[in-house]
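**Q** To start, I am sharing the structure in question, which I have written as structure tokens.
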Amino acid sequence: MDYSIETAPLEELQCDCMIVGVYQDQQLSPSAAALNNSTEGLIANIVNRGDLSGKNGEAVLINAIPNSKIERVLLVGLGENKPVSVKNYKKALLAAINSLKKPQIKSIVCCLTECEVEGRDWQWKSRHIIEVFNDAVYQFTHTKSDKETESKIEKISIFAPETERALAHSGLLQGKAVAEGMALTKHLADLPGNICTPTYLAEQALELGKQYASLTVKVLEETDMAALGMGSFLSVSRGSRQPAKLITLEYQGGIKNAQPIVLIGKGLTFDAGGISLKPGPGMDEMKYDMCGGATVLGALLAAAQMQLPLNIIGLIPSSENMPDGDANKPGDIVTTMSGKTIEILNTDAEGRLLLCDTLTYAEHYNPEIVIDIATLTGACGVALGRVASGLLGNDDALCNDLIAAGETANDNIWRLPIWEEYQEQLKSNFADMANVGGRDGGTITAACFLSRFAEKFRWAHLDIAATAWRTGPTKGATGRPMQLICQYLTSRAQTSQNISG
Ligand code: BES
Ligand code: MN
Ligand code: ZN
């Protein structure tokens with residue numbers, strides 16, 4: 001995809017389709033008004049005869065523009081003529097891009113940057129347009145015979161006046177990086193478990209390392225993990241024919257000794273539940289149990305592409321969770337790298353068994369903060385639905401920063417408590433703790449479990465079990481919470497630059 005900022009006047013533009021906004025009560029955005037003037041009232045005609053009311057999310061394609069190098073114009077309803085909310089802006093963008101999935105349309109100029117969005121500037125709008133458009137045209141064809149995609153768009157230009165060019169351009173660079181990271185995240189997540197194994201994920205990470213000089217990728221093998229004493233992690237992979245990997249990515253963009261941000265992503269390439277086998281219906285979706293890991297890969301790609309002035313470590317513990325003669329059994333007790341022992345009462349609560357050893361391993365990096373991202377509990381969807389990801393953590397400032405980043409990026413999270421009363425539920429008669437805490441507050445007790453391995457640093461946990469993919473007829477990875485993580489990192493980069501410069 002080719003991206004650019006377009007500052008030329010309308011008369012000079014050439015494209016397959018130009019996207020312009022129309023408000024309710026027949027009010028035209030500046031570029032719609034300009035087009036209307038140069039076409040002897042074409043747009044006003046369409047609006048006046050009632051073909052477009054201007055309601056948010058409406059879209060009408062005008063297929064022929066007399067005497068113009070602009071082949072088509074897409075009119076998009078923006079609602080009332082006042083600053084729109086972030087959610088309505090996204091709705092309008094989606095209506096626009098979904099109307100343009102036609103073979104004839106290869107180049108577009110988007111003028112919806114003109115639309116005022118509550119509390120947002122040109123940088124944000126340009127970034128958001130690229131994120132939303134790319135997300136919408138993504139199509140998984142890797143394992144289909146027919147590789148044709150619905151959208152043939154190759155060139156996206158974003159309109160901005162000369163005075164806003166710099167802001168719009170920096171938003172474009174960010175949007176491009178985030179969009180590329182998200183496409184990688186979704187692609188890896190959509191791949192089936194027989195292709196996307198822990199070894200495959202590790203190869204993809206090594207590939208990324210070759211593409212970016214700022215990224216150093218190393219993969220710890222089972223023997224390395226055994227030497228580190230990761231008895232909990234390895235107990236899960238023992239039941240699988242696929243060797244486990246602990247993928248490490250080191251991005252050095254900040255000053256040499258600056259403490260890094262560590263991102264940990266759960267990378268279960270398939271979770272059958274183990275001996276506590278999951279029910280059959282919907283089990284295919286457990287190929288998505290590596291979405292946290294895929295998000296970490298996408299985020300490091302984006303960080304490297306944006307050359308963020310930060311040090312970031314990505315850690316992806318990757319394994320399968322299968323039933324097997326050598327698999328974990330309910331009641332088994334394992335010893336973690338930290339020395340703490342765990343009674344495995346349910347082998348399907350495997351994510352935390354990988355994450356606990358990875359959290360301990362993260363101490364090696366002397367992290368400033370640690371954020372783990374995991375499709376950890378079905379209970380999170382019961383609590384928050386598919387709208388917000390769950391957030392739990394031991395540091396209020398970090399949690400608030402993440403919530404703010406989610407709001408900015410329109411990728412929302414909601415905090416749940418990890419008060420010590422909940423820790424009771426993890427009591428075991430035979431080990432330091434059990435790996436499950438019963439039905440009540442399942443997302444919280446999972447985070448309580450993790451918190452015991454995150455005592456040495458500021459830590460936040462994102463439970464993305466219900467937000468990382470859609471089920472049903474549009475089944476597929478969403479790429480969340482890439483937008484939130486990238487927003488957090490870019491905001492952090494901004495503050496660290498302000499401090500150092
Ligand atoms: N990967 C699952 C969580 C999950 C479940 C994600 C459904 C998306 C949809 C995780 O490993 C798991 O199985 N969690 C159990 C925990 C339980 C045994 C305490 C769950 O949520 O049922
Ligand atoms: Mn499980
Ligand atoms: Zn799982």
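Positions of Cβ are set from backbone N, Cα and C atoms, glycine also.
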**Q** From the candidates Asp271, Asp432, Asp440, give the one listed by TrEMBL for the same Mn(2+) 1 site as Asp348, Glu350.
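**A** TrEMBL names Asp271 for this Mn(2+) 1 site.
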**Q** Taking TrEMBL at its word that Lys266, Asp271, Glu350 bind Mn(2+) 2, choose the one of Asp289, Asp332, Asp372 listed for that site.
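**A** Looking through Asp289, Asp332, Asp372, the residue TrEMBL assigns to the Mn(2+) 2 site is Asp289.
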**Q** Starting from the Cβ centroid of Asp271, Asp348, Glu350, which together make up the recorded Mn(2+) 1 site, report each further residue of the same chain whose Cβ lies within 8 Å of that point, ordered by sequence.
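**A** The answer, listed by sequence position, is Val236, Leu268, Ala272, Gly273, Gly274, Ser276, Lys278, Met286, Asp289, Asn321, Thr347, Ala349, Gly351.
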**Q** Would you kindly give the Cα-Cα distance separating Arg352 (active site) and Lys278 (active site), rounded to the nearest Å?
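**A** It is 17 Å, counting Cα to Cα.
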**Q** Looking at Cβ-Cβ distances, which residues of the chain lie under 8 angstroms from Asp289 (Mn(2+) 2 binding site) while being 6 or more apart from it?
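**A** Within the chain, Asp289 (Mn(2+) 2 binding site) has Cβ neighbours under 8 Å at Lys266, Leu268, Thr269, Phe270, Asp271, Asn321, Gly351, Thr375.
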**Q** Tell me which recorded positions (Asp271, Lys278, Asp289, Asp348) have a Cβ under 6 A from ligand 2; sequence order is fine.
**A** Asp271, Asp348
**Q** Checking the recorded positions Asp271, Asp289, Arg352: which ones have Cβ within under 6 Å of ligand 3?
**A** Asp271, Asp289
